[in-house]
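Written out below as structure tokens is the structure these notes cover.
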Amino acid sequence: MAAPPDMELSSSLSLELLPTDPLLLILSFLDYRDLVSCCYLNRRLNQLSSHDPLWKRHCKKYWLISDEEKSRRNQGWRAIFISTYCDLGRYIHYYATLKKAWDDLEQYLGQWCPRMIGSLKESVREEDLDAVEAQIHCKLPDDYRCSFRIHNGQKLVVPGLMGSMALSNHYRSEDLLDIDTAAGGFQQRLGLKQCLPLTFCIHTGLSQYMALETVEGRNKYEIFYQCPDQMARNPSSLVMFITGTSYLEWFTSYVNKVVTGGYPIIRDQIFRYVHDKDCVATTEDITVSVSTSFLPELSSVHPPHYFFTYRIRIEMSKDALPENACQLESRYWRITNAKGDVEEVQGPGVVGEFPVISPGKVYEYTSCTTFSTTSGYMEGYYTFHCLYNKDRFFNVTIPRFHMVCPAFKLSTA
């Protein structure tokens, strides 16, 4: 029986006869794994999948290779992809995200905190990370390893890369630990078993830890501050304030907050005050805004004592009339905890000062408060008197601002 005409036509077609451009267009939509697989199907696809421009997209997507860097390397896109994959292939799902975070952070620091750039350490080798795993007898997560293939943390200096906090008699600045220092602080003691320090503050001794195993009530790769449970009989009983669920999420969310201006730069340091954009109030020519921060090192769950600091910015519009210059006379606070209990506070000045505000001038100060509940809010007003009409007094609204303790859990040690 004769074959149908359409069957004869299809059997006469082969891949060798198809035009090159449509095939290259099809291959350009494939991921790098599928592109590699095509190399093993037949000679034609092997030749086409080696077409250098096909690998440009993958170099940019996974390794953030720019045209300028390609020119410096004096290699083709395919060669660059393969050589980079041989070195960093196990991190292909993390590298671009972490590399971009580091690049963004370096660019931001170069503009706003240039002296911090000098504290960053160069990358470590793969065998250095393997040696640390052998030393602590635990596997490091790939996202953590990947970050240290880009930068090996920083030197133990001030200011710390992971942010600062300052009150009148308290100062904290956290360094991002290099791999050897972190390994030296690896914990096996009860309460912190299998925990690796990520940060360290020279002044307070405070660290953020990452759990390398699911043990003592922690989830694997969870990141936390630890503080003692003061009412427990067992000194190993800890409270853990959770700051991240993985290294990737913890580091990139911090960097994003920094580079988008979410944290203020004060005295060439990153201060970890969080500002709610809605927490602003304007009275006449004066605007008051507030940012807040939780201090785990001064807090306790048992007994309940949650410590917060807040930074207030008072600014007079630069378009205000000179005769509107005024001086802060007193403050009034209405403080409400999560149970609805209210405390009222009234007194002269702020932090012992009576600032003068004039057109375009800004006054900022830091203070603190504690709650017996995990959250609460404050609101109130300042009373000013006019410098050119001392009989005139007026109140300036302080917007309501909320303070919330991060999620925490108790160690089951």
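Numbers run from 1 along the shown chain.
Note that Cβ sites are derived from N, Cα and C of the backbone, with glycine treated the same way.
Taken verbatim from TrEMBL:
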DOMAIN    12-58  domain 'F-box'
DOMAIN    280-410  domain 'ApaG'
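Looking at the domain 'F-box' (12-58) alone, the prediction's average pLDDT is 83. Secondary structure counts, DSSP: the domain 'ApaG' (280-410) has 6 helix, 86 strand, 39 coil. Residue counts of the domain 'F-box' (12-58) by helix, strand and coil are 33 helix, 0 strand, 14 coil (DSSP-based).
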